[in-house]
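Working notes, structure below.
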Amino acid sequence: MAPTEDATAATLAPPPPPPPPHFVIVPMVAQGHTIPMVDLSRLLASRGARVSLVTTPVNAARLRGVAAQAARAKLALDIVELPFPTDIAGLPPGIENVDQITDHNHFVPLFAALRKLAVPLEAYLRSLPPPRRPSCLISDWCNGWTAAVSARLGIPRLFFHGPPCFYSLCDLNALDHGLHEQTAAAADDTEKFVVPGMPVHVEVTKATAPGFLNSPGWEAQWAECVDAMRAADGAVVNTFLDLEAQFLACYEAALGKPVWALGPFCLANKGDAEATASRGNAPDVARQSAVTAWLDTMGTDDSVVLVSFGSLVRRLPKQLFEVGHGLENSGVPFVWVVKEQEAASPEVEEWLAALEARVAGRGLLVRGWAPQLAVLSHRAVGGFVTHCGWNSLLEAIAHGVPVATWPHFADQFLNERLVVDVLGVGVPVGVAEAPVMIFGDESAPVVAREDVARAVAALMGDGEEAGERRRKAKEYGEKAHRAMEKGGSSYESLTQLIESFRQSAGGEKKAKDGTVHAWSALKEQKKIDCHCNGSTGAEA
């Protein structure tokens, strides 16, 4: 019997297109970790992938604006709430984010609560119907508990590490070569140790050695995260080829698995004024307008310095006073962001008000949150005094703004070495090489007003060194934008990442050994070698 016309047409019809890959994103519940992973979610969704960003109720409430923006742009980006455990001893009700903590004793209980999210996360992933089955889980390096979930369900997993590849390579080499044990055993805090396996010479002390969660009391958490890193299928990093080519190559070689450089993530908001202004906080149109209007009054480009120290560290009054006097004495126009907790006492508020009166027209004090990305992208801003968190440094680099570096803890001291000694876009404030406690530490060294004024004057000056820093910063800024544009290294790496996890029409994922990795291809194309055993090149 001859086939019918309908049967013939059905036989000849092309198979239906495969569903878009579905990425499940699990950020660490801290602003400095969540912000880049939200940007990553936007990037993936803007290129046709489906994205589910998983968090807890308090943090989901902070991201309502992200969900609304995604809906208006018709992006497949969902915010998924997991129930937060309420039976954690030592953790006050309502604390679901590192930025909410006001007592050091709450950190360990918060991380204990986060580990309990494994059960609801697994339940959510199992509940997804076949068309929305997860193609890949991307979790923050600090969320090592996600490794067991992805292993049980057979879902490929990448880890996201927030610092630059320079720092991550230092940390991995320190781990692999026993440097952590050497620095921990040092009796003298000033003793210097060379980080092995680096393509440039890098020295650290006991206080500035690399490491996340490797302090006393965090041994189990740190071991879980390191094991999860080793077991992952690859890594995603917020950097770009023309900024860290050699460190990226060496990190990938040391890790032994693909490293996808997709940044700067902050440029995912390019062209979206609302997303830029509200990044990291609910939209505050009035505050954004006030800051922008003040910057618009500055008649000279690159004349204003932004001063901001991230979301965690809270300065004691004695250090606030030194910062304020230093900015006043520098003679440079400035925008200074002071946290609400720092300005809470009547003494500090009275002093800040007096300072505002003295610098009226030249200085602007912002209490609480400020639209940092929008400020850095303003033509009037030509310098940034920063705590050296990688988000802030990369935002500055992406907008061609040189920095004055004031590191405090974790990766920040090595981030300083990268921007000052390797990239040549920073000038150090000169902080003593000792960590600063998050909630104000009476024993922490106080940076004097003279050092603040000196660093700001050097950063914003007209000399040859300042001009060279500005030139390099502008050059890296242009390269950052090119990396994110079609044909750029980060754009193409994102394309390959998405294709690597695209499902076939039958729902089967591509075999891992068939995956094409964009960085490897670019490395071959550009003939970038990894020389990680010597100490040649610029010193760090």
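Backbone N, Cα and C atoms are what each Cβ position is placed from, and that goes for glycine too.
Automated prediction, rather than curation, is the source of TrEMBL annotations.
Here the compositional bias 'Basic and acidic residues' (474-485) has, by DSSP, the following mix of helix, strand and coil residues: 11 helix, 0 strand, 1 coil. Summarising the annotation, TrEMBL assigns compositional bias 'Basic and acidic residues' to 474-485.
Per-residue confidence over the domain 'Glycosyltransferase N-terminal' (24-265) averages out at a pLDDT of 93. Positions annotated as domain 'Glycosyltransferase N-terminal' by TrEMBL: 24-265.
Within the same chain, residues 240-243, 263-264, 267-268, 270, 302, 382, 396-402, 423-427, 459 sit at least 6 positions outside the region 'Disordered' (467-487) and bring their C-beta atoms closer than 8 Å to a C-beta of that stretch. According to TrEMBL, the region 'Disordered' annotation covers 467-487.
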